[in-house]
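A single structure is presented below for examination.
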Amino acid sequence: MLFFLNFFVLVFSIELALLTASAAAEDGSYEIIILHTNDMHARFDQTNAGSNKCQEKDKIASKCYGGFARVSTMVKKFREENGSSVLFLNAGDTYTGTPWFTLYKETIATEMMNILRPDAASLGNHEFDKGVEGLVPFLNGVTFPILTANLDTSQEPTMTNAKNLKRSMIFTVSGHRVGVIGYLTPDTKFLSDVGKVNFIPEVEAINTEAQRLKKEENAEIIIVVGHSGLIKDREIAEKCPLVDIIVGGHSHTFLYTGSQPDREVPVDVYPVVVTQSSGKKVPIVQAYCFTKYLGYFKVTINGKGNVVGWTGQPILLNNNIPQDQEVLTALEKYRERVENYGNRVIGVSRVILNGGHTECRFHECNMGNLITDAFVYANVISTPMSTNAWTDASVVLYQSGGIRAPIDPRTAAGSITRLELDNVLPFGNALYVVKVPGNVLRKALEHSVHRYSNTSGWGEFPQVSGLKIRFNVNEEIGKRVKSVKVLCSNCSQPEYQPLRNKKTYNVIMDSFMKDGGDGYSMFKPLKIIKTLPLGDIETVEAYIEKMGPIFPAVEGRITVLGGLQKSDEDWH
């Protein structure tokens, strides 16, 4: 009963308080409820607040979120209560991000998506992570259409012949013909393994298909669902005159109106509205990522086929939302192998990986260098190449308190297991790219050593990549940063340059630091540019697998004058 009461209060509150662009309805008007998800990244099971594994301590504290079971509960409830007025759309990137997908790939993705049963989905770039051969079984196995209008699959016949891959579909919603068109960023050819698939620019493909749907299929309105990011969605809204509503993904953008419901800071209001040159207003929605929210967007269409009003907000899928038993039962046959995944050897190290308290909280440590370099690498390989920049984020700032254990591979012929890595990084935090002014970065570095002493190690002491820092902890607090050099990103050859207070830097950090953890409150109001596809432990795991055997060193990234001197004992 509590759930149903909360549910009705939630929907009533949305309807009452969040009406943002209503207009007087004319005769013949109707309503459509659009439910939407994007960038779920294999969060089939519930997660913690940072969208990684929900640990036992999180369950005890009722701090588990999302998962397909909670999405399913809400979708089923909306469909039961609202019937044919509901249109459930998914904007891609179901693949990649957890051991569930690593182990079971398209098999589990197909089964889980068929339980959710969206009316339609677009492809995401990560759907190509296992190549065309890893995507086609998914396209043939799902029981709903996958819409992507801007693909040229003529050189990949298995894609051309895929059962459920289409450019668009007509749906009857609230008794009216609604055209839905899908799209995918052409950057996918740089981000994943697309084989011989080619791409048409989104705007061109959408305009062509929208004209066809209007002329040949008698579509009354046009909704596009796709995976190109908020910046491109704004362009689509501006340059596609027949498009009425955009459901987006790819940029992992949290849009929200009002006070944030959890740790995610809204990038903009929900929906973002673009006004075309004709005066037509086009709303854009997106629902963050990782199944933590379900997008809810209710629109009013008048008798002329114009969007005249809307209301809605992403719904936080927290512990108050029950988990659908159908999903939980389906997951059980996969669970044991996933739980045993910790025993798997993920790589080899030729050196001790020092994550000890007396090393990483007083000095640069090689475990810190491994972790931060892995974050930089993960961002590089997920970012399109540029003629001017080798990456969009060359700097990582990571709190040493997040490093909880060393790994001594001498005990197992150099082998590193997933369980050992879990012990090093037990918190399961998301990774963000955050736009940080130079003066704020300097302030953060001052904070990182404001409590430094030779007797107590504090968690805020930094581990870094892309920085060379010189501290003097004998100086007064607030004046301990003596010099900082930053590895350039917008350059053809990386080199270290002095930190400039008035310059803005893209910095990779975890969700704990972004939320102000360990006293880093200066980062809380800053905007998140994007969320990396994998969490902290999955990112480091992938890096070790790719680069092994590894042998990270202490390289002089951090110099601490007046600090605790290293001893050989710290390495054992």
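Keep in mind that glycine also has a Cβ here, set from the backbone N, Cα and C atoms.
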Based on Swiss-Prot, name the residue from Asp93, Asp119 that is recorded for the same Zn(2+) 1 site as Asp39, His41.
Asp93
Using only what Swiss-Prot says about substrate binding by Arg361, Gln399, Arg404, Phe512, Met513, Lys514, Asp515, Gly516, Gly517, Asp518, identify which of Phe427, Phe551 is listed for that site too.
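Record source Swiss-Prot; matching candidate: Phe427.
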Measure from the CA atom of Cys64 (disulfide bond) to the CA atom of Lys514 (substrate binding site) and give the result in Å, rounded to a whole number.
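Here the two Cα atoms are 20 Å apart.
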Can you tell me how far the Cα of Gly516 (substrate binding site) sits from the Cα of Asp93 (Zn(2+) 1 binding site), in Å?
29
Hey, how far is Asn82 (N-linked glycosylation site) from His250 (Zn(2+) 2 binding site), Cα to Cα, in Å?
29
How big is the gap, in Å, between the Cα of Asn490 (N-linked glycosylation site) and that of Cys64 (disulfide bond), rounded to a whole number?
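So the Cα of Cys64 (disulfide bond) lies 39 Å away from that of Asn490 (N-linked glycosylation site).
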How many Å lie between the Cα of His227 (Zn(2+) 2 binding site) and the Cα of Asp39 (Zn(2+) 1 binding site)?
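With the alpha carbons as reference points, the distance is 9 Å.
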Check the Cα distances from Asp39 (Zn(2+) 1 binding site) to each of the recorded positions Cys64, Asp129, Asn454 and keep only the ones within 10 Å.
none
What other residues of this chain sit with their CB within 8 A of the center of the CB atoms of Asp93, Asn125, His227, His250, the recorded Zn(2+) 2 site?
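The answer, listed by sequence position, is Asn38, Asp39, Ala91, Gly92, Leu123, Gly124, His126, Glu127, Leu184, Thr185, Thr188, Ser228, Gly229, Gly249.
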